[in-house]
Each structure stands twice: as C-alpha cells, then as structure tokens.
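Before any comments, here is the structure.
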Amino acid sequence: MKAARFVMRSASSLSSASLVPREVELFSRYSPSPLSMKQLLDFGSENACERTSFAFLRQELPVRLANILKEIDILPDRLVNTPSVQLVKSWYIQSLMDLVEFHEKSPEDQKALSEFVDTLVKVRNRHHNVVPTMAQGILEYKDTCTVDPVTNQNLQYFLDRFYMNRISTRMLMNQHILIFSDSKTGNPSHIGSIDPNCDVVAVVQDAFECAKMLCDQYYLTSPELNLTQVNGKFPGQPIHIVYVPSHLHHMLFELFKNAMRATVEHQENRPSLTPVEATVVLGKEDLTIKISDRGGGVPLRITDRLFSYTYSTAPTPVMDNSRNAPLAGFGYGLPISRLYAKYFQGDLNLYSMSGYGTDAIIYLKALSSESVEKLPVFNKSAFKHYQMSSEADDWCIPSREPKNLAKEKLAV
C-alpha cells in the first residue's frame, strides 16, 4: 500500500507540474516520422553522424511519447487512475521531460552528445517493465468494474497502439545507444540491433532450441523439428534478409513454444511425438515462415481470442515489486508477437483446424526499402475511435431456443 501511495503521489506531482501539460500538448501536435530499415541502416553506417541522430531523436522521441500520452488520457477514468497506469504515465512524462532538456543543447557539443546517450540508457531502463505494469493496470481496472464489449474493443485498439509505440521508441533508443555509446556491446556484424545479412534459418533453429529446452524442462519431452527452406528469389542460396534478429527470435520462440505445448498435451498417450514443421520461403517481395503442428488445433470461435490481451490459458500472475515482473499469464505472447511482425509492415496470422493442428504464419518484407515502421498517431480519427458507442448488430443473432416451426400455424 505504501508503494501504491508513493506511485500516486509521484504521478500526481508530475502531472501537476506546469511544464508537463504544455510539453505534452506541444509535441502531440506533431505526427511521428516513420523510418525504413534502409534509413536505420544509413544512420548506423560507417559514415554515421552522431549529431544527425541526436538532432532527430531529441525531437522524434518526445513526439512519439506525447502522442501515446494523449491516448492514455482519453481512456476510462477508472483505468487511468489505477496505480499501475499512473506509474506508467509518470514514467512516460518523466522521460519526455528528460529528452526535452536537450532541445537547448547544441549538436556540436560533445558533452551533450555523451549525456544524451546516458539519458537514453536511463529512459530505456525506466521503461523496462512497461509491458507487465500496463497489463497489471488492465487487471486492476477489470477487478473494479464490468468491461462491456465496446470498452474491451477500445482496450484492444489502445494496447496495440501503446505497445507498438513502445517497440518503436525502444528500437530508436537501442540503435543510438549501440552505435554511439563508448562501450561497444553489440554484435560487430550488426548495425545497432539490425543484422544486414540476417540468416533466417539460423534464427529459426535457435528459437526452436530455446523453446525445446523450456518444453523439456516442463514436460520432460518435446517434439523434433522438420525444417524446409525454399529460396524463390535466389534458388539454391541461403536465405538472408535485413532484419532485427531479436524481433524475429521473439516471434518464433512464442510460436514454437505454443506448438510444442499443444503437441505434447494432445499426443501425451502416443509412443512418439509428431515433429513440428517449419517452412521458410523467400519470394521477391515477402519472406514467409510457417510453423505447423499436429497439436489438435483450436475451435474457430477461440482463434480470434488468441490475439486478445484479455485472453490467456495460463493462470493470472501476481505482480511484485521486483524488476523481473512476470509476463506469462497476461495473454500477451501472441498479440505482442504480431506487433513485432507488423512493426516493419509484416503480419502474423493463425490458421487452425480443430481436431488436427495449427499453422502459424509470419510475413516479413524481403526488401529493406519496403520495411517501414508502422506507427500510431494521435489524430481526429484515433480520437473518434475511442468515442464509438455500442450499436445494435445488423446481422441476425440465433436464439438459444429457435422457434419450433411445426407448432406455428400457417396464416390463411
């Protein structure tokens, strides 16, 4: 309780500061500027200019933070006032304030450039637990009131945008930190977190091994992997694209984990497990990865729920005060993975056959020039989305007790 009161006081003091509303309002008037993978590579090339990156980020990061802060403010009051959402909001406001300070500093000032890197590290660390903390806020809100279908739809809309915003700001900060920090901790073959020659099959195999190790620990068994690769663009050559390996690994690990769990539980009485199939295909425009299992599939009515932030098959976790807050059980694995795919104009879809198995397909852009950030912007269209009211369905809804036509008398 003391921690909660401290959070509320901290957030309240930040919100009441005269500078904060003005700065949030100011930067929210600008639309975010999406970058392509090619532009991100150019920022980190051998001729990369730290001053140019500094000048761009000191404007762009506050714009992205302010845009999503405006959306937080139009959420239901009971949700915004939960301790967890107040904490997240205070983090975003404080980070925006930290970054705005660099507007008065010259890109030619080497000390300012060094301090900017330190500030980005501080902001990144501050936002470390944003995902589970916001998830906890949703749970706190749902504990206080009944969530109607329209509100639930708005929450899904907001969380997709909120977490996509977080992915994008984290990407920009990581790029600058990894490229311009004095301590070079990144992979020497990468440009920041981007691999210009990402070996897709190697990432698939690594993600599978990580999921397999987890499956073995929990179930004491796991299915094998059957991997097929087809390079339709350059037949016979390995499949490489420009991509962020950590993003791809995140998606694949989630899909393999789900496929293994379904396979083991569905085939627990069989002498051997059916392998999980992975198919990697590079075309002229798209890279497609299909993960197929024989885990029994799911009914059609459940398929859409799998991408809902309010649906999970795992027990609801309990938050504590540690930095390592749990994420499993919030139901965020698939929806967050889909956001990673969509971030650079890709997608992630599920196709299930109940009683047989599931195909999960990741679509990514094959060309770095077409891999452009997909960013939320707070404008009139976004505002109107939150104002939608519940309307009567324009399709007939079957009654639980259909009329018995045999008893109906024909009108003469």
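Going from the start of the chain as shown, residues are counted 1 onward.
For all residues, glycine too, the Cβ spot is worked out from N, Cα and C.
Copied over from Swiss-Prot:
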- 138-368: domain 'Histidine kinase' (DOMAIN)
- Tyr157: site 'Interaction with the other subunit in the homodimer' (SITE)
- Arg161: site 'Interaction with the other subunit in the homodimer' (SITE)
- 254-261, Asp293, 312-313, 329-334: ATP binding site (BINDING)
- Trp395: site 'Interaction with the other subunit in the homodimer' (SITE)
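A map of Swiss-Prot features onto the structure.
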residue: Tyr157; record: site 'Interaction with the other subunit in the homodimer'; Cβ within 10 Å: 16
residue: Arg161; record: site 'Interaction with the other subunit in the homodimer'; Cβ within 10 Å: 20
residue: Glu254; record: ATP binding site; Cβ within 10 Å: 22
residue: Lys257; record: ATP binding site; Cβ within 10 Å: 20
residue: Met260; record: ATP binding site; Cβ within 10 Å: 26
residue: Gly333; record: ATP binding site; Cβ within 10 Å: 21
residue: Trp395; record: site 'Interaction with the other subunit in the homodimer'; Cβ within 10 Å: 4
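Taking Cα separation as the measure, Tyr157 (site 'Interaction with the other subunit in the homodimer') is nearest to Gly333 of the recorded positions Glu254, Lys257, Met260, Gly333, Trp395. Looking only at Cα atoms, Arg161 (site 'Interaction with the other subunit in the homodimer') sits nearest to Gly333 among the binding-site residues Glu254, Lys257, Met260, Gly333. Under the DSSP three-state reduction, Trp395 (site 'Interaction with the other subunit in the homodimer') is assigned to coil, being neither helix nor strand. Each residue contributes its Cα atom, and for Lys257 (ATP binding site) and Trp395 (site 'Interaction with the other subunit in the homodimer') those atoms are 38 Å apart.
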